[in-house]
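Q: According to Swiss-Prot, the record shows the following:
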- Asn115: N-linked glycosylation site (CARBOHYD)
- Asn263: N-linked glycosylation site (CARBOHYD)
- 413-519: domain 'Fe2OG dioxygenase' (DOMAIN)
- His431, Asp433, His500: Fe cation binding site (BINDING)
- Lys510: 2-oxoglutarate binding site (BINDING)
Amino acid sequence: MKPWLCLVFFTSAFLIWHAEAEFFTSIGQMTDLIYAEKDLVQSLKEYIRAEETKLSQIKSWAEKMDVLTSKSTSDPEGYLAHPVNAYKLVKRLNTDWLELENLVLQDTTNGFITNLTIQRQFFPTEEDETGAAKALMRLQDTYKLDPETLSRGNLPGTKYRSSLTVSDCFGMGKTAYNDGDYYHTVLWMEQALKQHDEGEDTTVSKVEILDYLSYAVFQFGDLHRAMELTRRLISLDSTHERAGSNLRYFEKLLEKEREKPSNKTVATTEPVVQSGAYERPLDYLPERDIYEALCRGEGVKMTPRRQKRLFCRYHDGNRNPHLLIAPFKEEDEWDSPHIVRYYDVMSDEEIEKIKQLAKPKLARATVRDPKTGVLTVASYRVSKSSWLEEDDDPVVAKVNQRMQQITGLTVKTAELLQVANYGMGGQYEPHFDFSRRPFDSTLKSEGNRLATFLNYMSDVEAGGATVFPDFGAAIWPKKGTAVFWYNLFRSGEGDYRTRHAACPVLVGCKWVSNKWFHERGNEFLRPCGRTEVD
């Protein structure tokens, strides 16, 4: 089939891009899945057309034979008295019915199945589905979205409306359950049950939902509600062995509670805990609440007094000859530590070229293990990144040179240009750009990361801010702009105030590129100050 030939060509390109999975970590790479699915739909249509043609031929044959046999069976001997009819009967049974048999046995599925088999090896994996579900939960927590809001697709800045079915909500709950996350299990199983009760058509049964929900509720110590849900389950399926066993166990626990003198009254009058009454478990991140509040635009400590100390100006890079005629617009984002934003740093054409160069090289972004120093993937950094060299394209050298002119620092000892694309709920939780390991082998030749130059290569419809929990700043992405700050004091000591985070992307696709300038080569470009904190 022709679609199969087209697909082989498409898949060869798909293979180059997606030798590594983890689609959920990069929206840029997930866009290819859209085209892959469209190609499969086209292949499916071809299969349907072939099946319809085949059935049409069979139907035509059946109708013709129905008329003929009605005539022949009404007077068999009279019919066969005509020698032509006798011949045609023998011919039909020996030849024509054999041809029909071959038509019926003709396999039109081969092309579609071949397509599907080829494509499937590049499909998202179980890990991708789990990662995507956790991304939605991360957005739910960070931006305080209830399951109803997410399920109905009521998100700010969205161009396309999309909703979650009972099956989708059930899948979210199962992912949380399998991860031992009973908080989100309860939230999503309750949403699945709510939509089921509203009459939504689904293949998921209430029994399945109640089975997970009752156990998750029990894990929160809500014995009364666990019993209520289990009884509801048994009323729907009295043969459910596990539910019956659980109910007997719950009743024994309740009886023990009632036998305790101090709990005698409470046990018989305690009301059923309502939906949403369960608290989110404590997190490993100490500044979680501050970080998430800043991501929502809350808790930003931009006072009128501080605002008065922030200015806009034209920046010529300390009278850099290249910038005297065309200086950059510079805006103070924060006073201490000093964070500035530059406008029109990269053109749309340069941004598209950088993205084009980066896409084939995108790989899951890593972090350095604080104990071993080894680079590894981490759940708190969800994005894909690649590194571009000046030899890759003249535009890379041009952008590097521009950052050098703006900052007055040398790029000779700086790291390669890193390009990052954030996936579903893409984020990088609070971290330092500089190394806090004094004997880090990576610091021996080039020194520590002196400064960060961060280019925003896309607008983001919602979320995706760069936040600094220590002093309460939030900087929102704006395509073509860049922000710059020093990670180290002039003494070389780390400025711990610069601990920052990339907030989860709620709606949109976030592209950034950054350059980390190192200490070596900048000793005289940014000399030591008089004190350790200059």
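Every residue, even glycine, has its Cβ placed from backbone N, Cα and C.
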Q: Using Cα coordinates, what distance in whole Å links the residue listed as '2-oxoglutarate binding site' and His431 (Fe cation binding site)?
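A: The Cα atom of the residue listed as '2-oxoglutarate binding site' is 19 Å away from the Cα atom of His431 (Fe cation binding site).
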Q: Reported in the order helix, strand, coil, what are the DSSP residue counts of the domain 'Fe2OG dioxygenase' (413-519)?
A: 6 helix, 53 strand, 48 coil
Q: In the same chain, which residues outside the set His431, Asp433, His500 have their CB within 8 A of the centroid of the CB atoms that define the Fe cation site?
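A: Same chain, not in His431, Asp433, His500, Cβ within 8 Å: Tyr428, Pro430, Phe432, Thr452, Asn487, Thr498, Arg499, Ala501.
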Q: Rounded to a whole angstrom, what is the C-alpha distance between His431 (Fe cation binding site) and Asn115 (N-linked glycosylation site)?
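A: Cα-Cα, rounded: 44 Å.
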Q: Count, for each of the binding-site residues His431, His500, Lys510, the other C-beta atoms lying within 10 angstroms of its own C-beta, and report the residue with the smallest count.
A: His431
Q: Neighbour count first, Cβ atoms within 10 Å, every protein chain included; then name which of Asn115, Asp433 tops the list of recorded positions.
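A: Going through Asn115, Asp433 one by one, the largest Cβ count within 10 Å is at Asn115.
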Q: Could you measure between Asn115 (N-linked glycosylation site) and Asp433 (Fe cation binding site) for me? Cα positions, answer in whole angstrom.
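A: The separation of the Cα atoms works out to 45 Å.
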